[in-house]
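Enquirer: Just dropping this structure here.
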Amino acid sequence: MMSQSDSLKGRKVVFHDMCLRDGMHAKREQIGVEQMIAVATALDAAGVPYIQVTHGAGLGGNSLQHGFAPHSNEEYIGAVAAKMKQAKVSVLLIPGLGTMKELQSAFDCGARSVHVATHCTEADTSPQHIAFARKLGMDTSGFLMMSHLNDPAGIARQGKLMESYGAQTVYVTDSAGYMLPEDVKARVGALREVLAPETGIGFHGHHNLGMGIANSIAAIEAGASRIDGSVAGLGAGAGNTPLEVFAAVCERMGIDTGVDLFRLMDVAEDIIVPMMEHVVRVDRESLTLGYAGVYSTFLLHSKRAAERFGVPARDILVELGRKKMIGGQEDMILDTAMSMAKARGLLKSA
């Protein structure tokens, strides 16, 4: 009988590193240009073909709601792109937050790939942005966030819409780190059934239930050819799929990634870990994100709300999960924490 590793032997997978975009969340958006260059050039030398570089919330992300980075997206992108020898710089664009004008600026600064991201039921907000990215000649992916909140048939319909707008790759995005391998397989498989053979499928995982690697392998089994991850797992919540660990698993299974495993390990240990303000791991609160199906970016916001209102962050996160709050509703974290504090007699009503 053919084993799992035998069935994937020789399969080619493209890595896309997120530590300079998703990792901004874990660093409270405080990564400097020189740090960006150091990380990106090391990833480039390790053979990583795509490196995402923006504010954590993507183009247009600098704001009161999402936090302010020390530099503009244009400064980050331009500085990194100028140093790349083989890797392409990518960006995140959420329609309604980022604009086509900002995408043009990112392209002018050297970005050549984009994740156009919508909630998993709102692909119809992305046609203009996807079409514009294709017009610029960018490698263009549709990115269905919080994919656990739509069933496989729904994900297939949304992915088909993104493909019709011009997306060359469609992502199943486990923003909450909630999914298990069978959930990933069902959604990726549903996409593979309806998308054209030439349209790629990607998977973006978070490690909140410790399933980032298993889910990424499940995605490949079901037909995905692009996998997002982050060296040392630097990302929101318990981090993204740790790329160097995933690379080692792929090598064991005979999956062709094209990256230098030992160099990736060195980037993680020598550059990323010393940058961390806190160890990005599965802790009480990040585990709650995965358990309750909450957007991973809410982690630090909820911890700050807990300090302010005296309600445990875990309780806040469970309530946000019950309400099915999604990315972009960060303002509701404070509102929820305040309401819970009032209900518990911790805060006097005005």
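We number each residue from 1, going along the chain as drawn.
A Cβ is built for glycine as well, from the same backbone N, Cα and C atoms used for every other residue.
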Enquirer: Among D6, D17, D22, which residue does Swiss-Prot name as a further Mn(2+) binder in the site formed by H204, H206?
Expert: D22
Enquirer: Fewest other CB within 10 angstroms, which one of the recorded positions R21, H25, H204, H206?
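Expert: Output over recorded positions R21, H25, H204, H206: least Cβ neighbours within 10 Å is H25.
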Enquirer: Rounded to a whole angstrom, what is the C-alpha distance between R21 (substrate binding site) and H206 (Mn(2+) binding site)?
Expert: 14
Enquirer: Using Cα coordinates, what distance in whole Å links D22 (substrate binding site) and H206 (Mn(2+) binding site)?
Expert: 10
Enquirer: Quick check: which same-chain residues outside D22, H204, H206 lie with their CB within 8 A of the centre of the Mn(2+) site CB atoms?
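Expert: For the Mn(2+) site the neighbour list reads M18, T173, D174, S175, G177, G205, D228, S230, G235, A236, N240, T241, S296.
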Enquirer: Can you give the mean pLDDT for the domain 'Pyruvate carboxyltransferase' (13-265), rounded to a whole number?
Expert: 98
